[in-house]
Amino acid sequence: MKVMLAPMEGVVDYLMRDMLTRVGGFDQCVTEFVRVVDQKLPKKTFYRLCPELHNGGKTPSGVPVRVQLLGQHPQWLAENAQTAIELGSPGVDLNFGCPAKTVNKSKGGAVLLKETQTLYDIVKAVRDAVPAEIPVSAKIRLGFEDKSLAIDNAIAITEAGASELVVHARTKTEGYKPPAYWDWIAKIKQHTDIPLVANGEIWNAEDAQRCQSQSDCTNLMIGRGALAMPNLALSIKEGVAPMPWSELAALLIQYSGYEIFGDKGKYYPNRIKQWCGYLKRQYPEAEVLFNDIRRLTNSQDIVDVLARQADV
């Protein structure tokens with residue numbers, strides 16, 4: 001079984017990847033998307049979104065990180081895929097699942113699920129542009145407004161030469177509303193011979209087992225669930241219980257050491273408050289923490305609150 005950390009725009013950046021992979025259980029990460037329009041992007045763009053390229057394409061704890069590209073033009077995606085590989089990415093992932101309206105309006109992400117031929121052309125161009133031994137994966141949803149093209153899209157991506165396909169088991173229109181239609185992944189699996197990865201609505205080990213059963217898929221990708229329970233990957237693999245709140249509070253304190261130069265100290269307070277929104281699903285204490293820190297803007301003040309909860 002492989003457990004992958006999902007790319008979440010504006011949430012799972014390199015600092016969060018570092019934190020969650022240190023907790024353990026993850027076999028692979030995918031970056032937030034690199035937006036490709038009509039040019040070959042400078043190296044600094046890749047290094048900004050994937051600093052792990054300075055570390056052989058791995059997090060500090062040794063988990064591989066694959067660069068994800070998002071765009072509509074096969075040629076430019078292919079050229080930027082070459083750059084990603086030259087800089088050390090262990091593979092290239094293609095985003096055909098982003099549901100954001102701003103992205104879809106500019107013909108990126110999930111809107112391309114309406115265009116089976118475009119999916120084929122993009123994957124084929126990228127596959128041909130990078131060495132044969134380099135994995136080229138894609139992430140899709142079941143469709144845009146409905147699921148009518150789900151199987152056709154998966155077949156096109158497979159025939160274009162993709163190495164792996166991650167399927168978020170909902171359409172763009174369904175967004176993140178439960179349920180996830182894991183059984184559709186099993187339907188797709190009947191029409192493709194490349195490895196599939198199931199994604200969507202996996203919040204605990206029991207969800208993971210049900211997903212694997214209904215999707216006929218061993219490999220999983222988790223995103224929001226990992227933010228709600230940072231040791232979810234370990235729980236899925238080894239059956240460990242959710243980490244106690246005191247341990248999690250200590251983890252949040254450790255996260256306070258991650259400040260981005262030049263951000264004027266805003267990164268940590270904003271991210272901790274954002275993280276609390278996910279943690280509330282698993283930890284009632286997160287609601288209390290959020291209320292205690294909602295008006296705080298100084299990192300040390302937040303750490304002081306956490307220290308009392310962590311009993312450190």
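Note that Cβ sites are derived from N, Cα and C of the backbone, with glycine treated the same way.
Keep in mind it's a predicted model, so treat the numbers as computed, not measured.
These come from TrEMBL:
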ACT_SITE  Cys98  active site, proton donor
BINDING   Gln68, Lys139, His168, Asn199, Gly200, Glu201, Gly223, Arg224  FMN binding site
DOMAIN    4-283  domain 'DUS-like FMN-binding'
SITE      Arg35  site 'Interacts with tRNA'
SITE      Asn95  site 'Interacts with tRNA'
SITE      Tyr176  site 'Interacts with tRNA'
SITE      Arg271  site 'Interacts with tRNA'
SITE      Lys273  site 'Interacts with tRNA'
SITE      Tyr278  site 'Interacts with tRNA'
SITE      Arg294  site 'Interacts with tRNA'
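Among the recorded sites Arg35, Asn95, Tyr176, the ones whose Cα sits within 10 Å of the Cα of Gly200 (FMN binding site) are Tyr176. DSSP assigns His168 (FMN binding site) to a strand segment in the three-state reduction.
Among the residues the record lists as binding FMN, namely Gln68, Lys139, His168, Asn199, Gly200, Glu201, Gly223, Arg224, the two farthest apart have Cα atoms separated by 21 Å.
Using a 10 Å Cα-Cα cut-off around Lys139 (FMN binding site), the recorded sites Arg35, Tyr176, Lys273 reduce to an empty set. The CA atom of Gly223 (FMN binding site) is located 12 Å away from the CA atom of Tyr176 (site 'Interacts with tRNA'). Using a 10 angstroms CA-CA radius around Arg294 (site 'Interacts with tRNA'), the recorded positions that qualify from Asn95, Glu201, Arg224, Arg271, Lys273, Tyr278 are Lys273.
Comparing the recorded positions Lys139, His168, Arg224, Arg271, Lys273 on other C-beta atoms within 10 angstroms of each C-beta gives the minimum for Lys273. Ranked by CA distance from Arg224 (FMN binding site), the recorded positions Arg35, Cys98, Tyr176, Arg271 have Tyr176 at the top as the closest.
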